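As recorded in TrEMBL, the features of this protein are as follows:
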- 48-226: domain 'Wntless GOLD' (DOMAIN)
- 227-496: domain 'Wntless-like transmembrane' (DOMAIN)
- 233-253: transmembrane segment (TRANSMEM)
- 265-284: transmembrane segment (TRANSMEM)
- 296-318: transmembrane segment (TRANSMEM)
- 339-359: transmembrane segment (TRANSMEM)
- 379-407: transmembrane segment (TRANSMEM)
- 428-452: transmembrane segment (TRANSMEM)
- 472-493: transmembrane segment (TRANSMEM)
Amino acid sequence: MAGAIIENMSTRKLCVVGGILLVFQVIAFLVGGLIAPSPTTAVPYMSVKCIDVRKNHHKTKWLMPWGPNHCKKLKDFEEAVSRQIEANDIVFAVHIPLPSKEMSPWFQFMLFIMQLDIAFKMDNDLKENAEITLDVSLAYRDDMFGDWEEIAHAIEIRKLKCTFGSPKTVESEGRHYDCDFLPFMEIGSVAHKYYLINIRLPVNDRKGINVGIGEIKDIRLVGIHQNGGFTKVWFAMKTFLTPSILIIMVWYWRRITLMTRAPVLLEKVIFALGISMTFINIPVEWFSIGFDWTWMLLFGDIRQGIFYAMLLSFWIIFCGEHMMDQNERNRLSGYWKQVGPIAVGSFCLFIFDMCERGVQLKNPFYSIWTTEVGTELAMAFIIVAGICLCLYFLFLCFMVFQVFRNISGKQSSLPAMSKARRLHYEGLIFRFKFLMLITLACAAMTVIFFIVSQVTEGHWKWGDITIQVNSAFFTGIYGMWNLYVFALMFLYAPSHKNYGEDQSNGDLAVNSGEELQLTTTITHVDGPTEVYKLARKEAQE
């Protein structure tokens, strides 16, 4: 009787919770697909060739490509040669944004890539493994007639990777090389209305600076920033989800503290997972609208890294706590072999991020991929992290295999067990399969929507309705993992409902009755955790 009541309550509970979560999941996708615009916008910029014949160029003057105080311009380099203007006196100027527009803090970040238009010329060919030296400066102002304030100045080197599809003959002169895009600049905030970039290509024949780089015709930039409309939708989701996860997290921990026993490891890990999810959700980005916080991109990477590390650790510990053997695992130290690769991999990725975005806090033009040493260091960190990830998944797959093997063994002996022990193992088997199902579903949806967002044009159009696929991917997947954590804490919180003693059965029972719960333990109101005692005893039998 009691077993049937428990089973019916569990089934009804899962159906109700599953239906509610499914509704919220659909809403999360629709918010991104129907309300939010595309996550980012790419804007092409063509640099203007300005003339500056003064000494110490970057310390004395900022050259504007257009406007009332625009610079003296060059049409092309043939004009520079005819006017005897040296290469060191030419400045490539780019104003951000385009005329009659303004930047906004809602854009959140700016990422720029560079493309060089290099023409083939017999007497000025592009050498193999050529490197270009850039003298770059970045400034800002908040009105069209104010003075420019410098943000950063740097001397940067970029490797040129270009191919030429025609024979290098006189007939091919003037044709352009096909060159790869170059990383140029990244800023983690857009706190000002106007930005100005001045680029110089200093030439020094004696030192070999900018020698053998071909005949550069133009410099193009592509600026990528987050759309303001998407930012507002994203902030609204964070603002809504933060109290939701926080409330369920407080409720979950209160249910645990009401027990007379100490929390078990799995309960602690689920709570830690809720904390890491809350850490991601807290909408500190609202402050970036009023403050110039260039570290927000790095901070966001750290928050995501903590969550992913906790999520991977949870999967390992969840499998271990459902192993149903005689080993005592209610300690984190018992999982050092599985959790160790997670810690090492996370540390490597953190160091890599600090070497990239950490340095960009001082120099937005820096890229770790532009030097051989930096590339080798970055690849080393990524390879080590990849090896750790592979080891982790090997451990995880092995543990899942062990759990299913143990499940098969337990299922054959369930009819011979006492009622309480049978219900205990049936609960373990059901809970493990249930979590594996929703975990695989979440992972599959993440991969599927990522692939769809990459192969489609960014939006689908059905009649008058336009669905932004990329925005739906971000909001839907973000909402999905929030719901995943919410469901874990809701379904795996200890329950204090008492269904009394089964008087009609002589099987094992206690005066206080058995509690309905979705943890790996059989918890009594007045007793400690029993899962390990029962598991060891059954394994020995």
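Cβ atoms here come from the backbone N, Cα and C positions, even for glycine.
Curation does not apply to TrEMBL; its annotations are automatic.
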Integer mean pLDDT for the domain 'Wntless GOLD' (48-226): 88
Highest-contact recorded stretch vs the transmembrane segment (428-452), from 265-284, 379-407, 472-493, CB pairs under 8 Å: 472-493
Leading stretch by Cβ pairs under 8 Å, where the reference is the transmembrane segment (472-493) and the options are 265-284, 296-318, 379-407: 265-284
Same-chain residue ranges lying at least 6 outside the transmembrane segment (379-407) that approach it to Cβ under 8 Å: 312, 315-316, 319-320, 322-325, 337-338, 341-342, 344-346, 348-349, 351-352, 355, 429, 432, 436
